[in-house]
Amino acid sequence: MKTVKVYGPGCKRCETTAEMVKQAAATLGIDVEVEKVSDPKAIALAGVMSTPGISVDGKLVHAGGLPDPDRLAGWLSA
Amino acid sequence: MSTGMTDHPQAPLRGDWLWHIGVAAFVTSWWWLYHELLALSDWLTSLMPVARHSHAGEAIAFFLYDVPKVMMLLTLIVFAMGIVRSFFSPEKTRALLSGKREGVGNILSAGLGVLTPFCSCSAVPLFIGFISAGVPLGVTFSFLIAAPMVNEVALVLLFGLVGWQVALTYLVFGLAIAIIAGFVIGKLRLEGWLQDWVRDIHSGAQVPEGLEDERLSMVDRYRLGIQAVREIFAKVWIWIVLGIAMGALIHGYVPQDLMVRIMGADAWWSVPAAVLMGVPMYTNAAGVIPIVEALLGKGAALGTVLAFMMSVIALSLPEMIILKQVLTLRLIAVFIGVVASGILAVGYLFNLMF
């Protein structure tokens, strides 16, 4: 079980990113729990400067813009 | 230099060349079409069942020429800026700015504000990221003022609809306001007016470093350029069409002397009124500028119109609400006051100069 956090204030791109994570995980057959973090303080304290950001098991892997699907699969299966 | 070439040996190399050729072909056909556009739109207008020099004919010609022209300019420039921006990230910008002194720092910061990818929804995390890395408050403000105000959409629209002189003027004075306002806020030493939790971070609480930069190939950068075009268009196309339609109506129908009386240079109160009107209005540059062009064409004073535009883009209520999470109301008031004074000064200066 991997914990994936999607950081973003709730803009459209953040929603899309969360969906992309869920879909990629389903395709790969990986069990994930996706948590959306929208509190600005929490986002800032995680070191995310441009949203949406993604962390996998506590490690920040992406910040700013929609993730590249291939890279996303890489982070999830790592 | 394309890092993709060293990373992947044979197959992707051909893919890279296809991309380069595709981009070159796109730019070439763009130039050709842009040159033929006036003839094309005149021909389209002549198909309409109205006289070319009637009110309706003028309005339709304006619409049919300006919409495609602006869309084309936007496509090319946003694509190019998407590529340029892929070389700048908030993390890199922060590293460049941290520990910079006020003055030089403000100038650098305003410049980077134009080049670094920025979305007002990220304003708060970015603000914290800067402050926590030791970027001075005033320097951070220079960035936050320049980033939304001086952007490629505003510049393209001014260039396409009003002319390069006005676009250049807007660029120079937009940067000047960001630099000076940030400098003034820095001099006021208002760090104590940040929200408490932000002040804690400012005085040394640890925030993780953030991401290291990913290495991108040229093709990755093209892709980012295309992504930028798609995002901007999804966001602004409706405003451009509506704005230009509005502009076309003003162009064809509003009598000249009415505008001169309301927004001409003689009415001293018109500049502050324009700034005040701009604050509650929240739209991006795309929605405002076509109206701006039509107003100018009808004799509204340049300074008044620019003040209106800067106020709409740089001082928006929704952004203040976002910033409320990190700034106290007092600090927001100072921020608005300083930026509004700058805009007023630009407005009056222009009305005097032109």
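Placed from the backbone N, Cα and C atoms, the Cβ positions cover glycine too.
Note that the structure is a prediction, hence the values are computed from the model and not measured.
The list of residues near the transmembrane segment (B:17-34) in space but at least 6 beyond its ends in sequence, with Cβ under 8 angstroms from a Cβ of it, reads 69, 72, 75-76, 218-219, 222. The transmembrane segment annotation in TrEMBL covers B:17-34 (among others).
Look at TrEMBL and you will find B:70-88 (among others) tagged as transmembrane segment.
TrEMBL lists B:108-131 (among others) with the feature transmembrane segment.
Under the heading transmembrane segment, TrEMBL lists B:137-159 (among others).
Residues or ranges marked as transmembrane segment by TrEMBL: B:166-185 (among others). Residues 102-103, 106-107, 109-111, 113-114, 137-143, 145-146, 149-150, 154-155, 158-159, 302, 306, 309-310, 314, 334-335, 338-339, 342-343, 346, 350 of the same chain lie 6 or more positions beyond the ends of the transmembrane segment (B:166-185) yet place their CB under 8 Å from a CB of it.
TrEMBL lists B:236-255 (among others) with the feature transmembrane segment.
Residues annotated as transmembrane segment in TrEMBL: B:267-289 (among others).
What TrEMBL lists as transmembrane segment is B:295-317 (among others).
Among the features that TrEMBL reports, transmembrane segment is placed at B:329-350 (among others).
Each of B:108-131, B:137-159, B:329-350 was scored by its Cβ pairs under 8 Å to the transmembrane segment (B:70-88), and the highest score goes to B:137-159. For the transmembrane segment (B:108-131), the list of distant contacts is 84-85, 88-94, 96-98, 100, 137, 139-140, 142-148, 150-151, 175, 178-179, 182, 194, 198, 201-202, 207, 210, 318-319, 322-323, 325-326: same-chain residues at least six beyond its ends, Cβ to Cβ under 8 Å. Counting residues 6+ beyond its ends, the transmembrane segment (B:137-159) has Cβ neighbours under 8 Å at 70, 73-74, 77-78, 81, 93, 97, 100, 102, 105-114, 116, 118, 120, 123, 126-127, 130-131, 166-167, 170-171, 174-175, 177-179, 181-187, 190-191, 194, 232, 236, 240, 284-286, 289-290, 292, 309-310, 313-314, 319, 335, 339 in the same chain.
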